[in-house]
Amino acid sequence: MTDATRDFLIAPSILSADFARLGAEVDDVLASGADIVHFDVMDNHYVPNLTIGPMVCEALRKHGVTAPIDVHLMVKPVDRLIGDFIDAGASIITFHPEASDHVDRSLQLIRDGGCQSGLVFNPATPLSYLDYVMDKVDMVLLMSVNPGFGGQSFLPGTLDKLSEARRRIDASGRNIRLEVDGGVKVDNIAEVARAGADTFVAGSAVFKGRNAADPHRYDSVIRDFRAQLAGVR
Ligand SMILES: O=C(CO)[C@H](O)[C@H](O)COP(=O)(O)O
Ligand SMILES: [Co+2]
């Protein structure tokens, strides 16, 4: 495995940000050391919650956000929204394979639009969905909670599944990111990294971790994440 594939990325989920001042929140979290912006899209159909769509992604780009935007689609069907998010400035688009009638086609749509593509696995979704599309994914995202809400507890069974996903990625010889989403905290991120993850979504842990001295900064929690990860390299 090359060093580049194991560079650790911190991806705050804006699900836990203050939506009334979203542009400023994204600026603040990036200025505090975050690498990418995790953008949770929920449709009250595939998951029992309703969040934000392509207009908000476009608004963040117009606001001046240049960091990668990692769009996590929790919607069914997926294909029409893929086009909308490509136009809105998404960088990475991931979707749940159960929500697409034609997984290969959905992945191709994302790639054709110039974005990086990925599949998301719920806790009970088998990794076998990867079997015939490994060459069409840039990211594998393992949910460590059932999707739909922030602030849930990390499901420990995810650790073995991460190791299995890491084996599959390494065997493919491709540069595919392994992202984990749900309940990632300072006290478990090292263990999650040791299991094979290289990209860490954290919503409540980041946005509830404002610096005590400056409520517009998140440096302290992001530094704590990196300190934990430094011990894993
Ligand atoms: O996709 C998600 C929920 O479906 C969110 O990205 C995730 O829950 C992040 O929030 P937290 O870190 O608070 O668990
Ligand atoms: Co997410």
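Cβ coordinates come from backbone N, Cα and C, glycine included.
All annotation found in TrEMBL is predicted automatically rather than curated by experts.
Feature annotation from TrEMBL assigns active site, proton acceptor to D40. Annotation comment: TrEMBL describes D181 as active site, proton donor. Taken from TrEMBL, the feature substrate binding site applies to S13, H72, G148, F149, G150, G151, D181, G182, G183, G203, S204. Under the heading divalent metal cation binding site, TrEMBL lists H38, D40, H72, D181.
Note on proximity: of the recorded positions H38, D40, H72, D181, the one nearest G148 (substrate binding site) is D40, by Cα distance.
Around D40 (active site, proton acceptor), the same-chain residues at least 6 positions away in sequence with a Cβ under 8 Å from its Cβ are S13, I14, L15, T51, I52, H72, M74, G150, G203. Cβ packing within 10 Å was compared across the binding-site residues S13, S204, and the lowest neighbour count falls to S204. Geometry remark: H38 (divalent metal cation binding site) versus D181 (active site, proton donor), CA distance 10 Å. Listed in sequence order, the residues L15, S16, D40, V145, Q152, V201 complete the 8 Å Cβ shell around the substrate site centroid, once S13, H72, G148, F149, G150, G151, D181, G182, G183, G203, S204 themselves are left out. When the binding-site residues G148, G150, G183 are compared by the number of other C-beta atoms lying within 10 angstroms of their own C-beta, G148 comes out lowest.
Each residue in A11, S13, L15, F39, D70, T94, L141, V201, G203 lies on the same chain as H38, D40, H72, D181 and has a C-beta within 8 Å of the C-beta centroid of that divalent metal cation site, without being one of the site residues. For H38 (divalent metal cation binding site), the Cβ neighbour count at a 10 Å cut-off comes to 27, with all displayed protein chains included.
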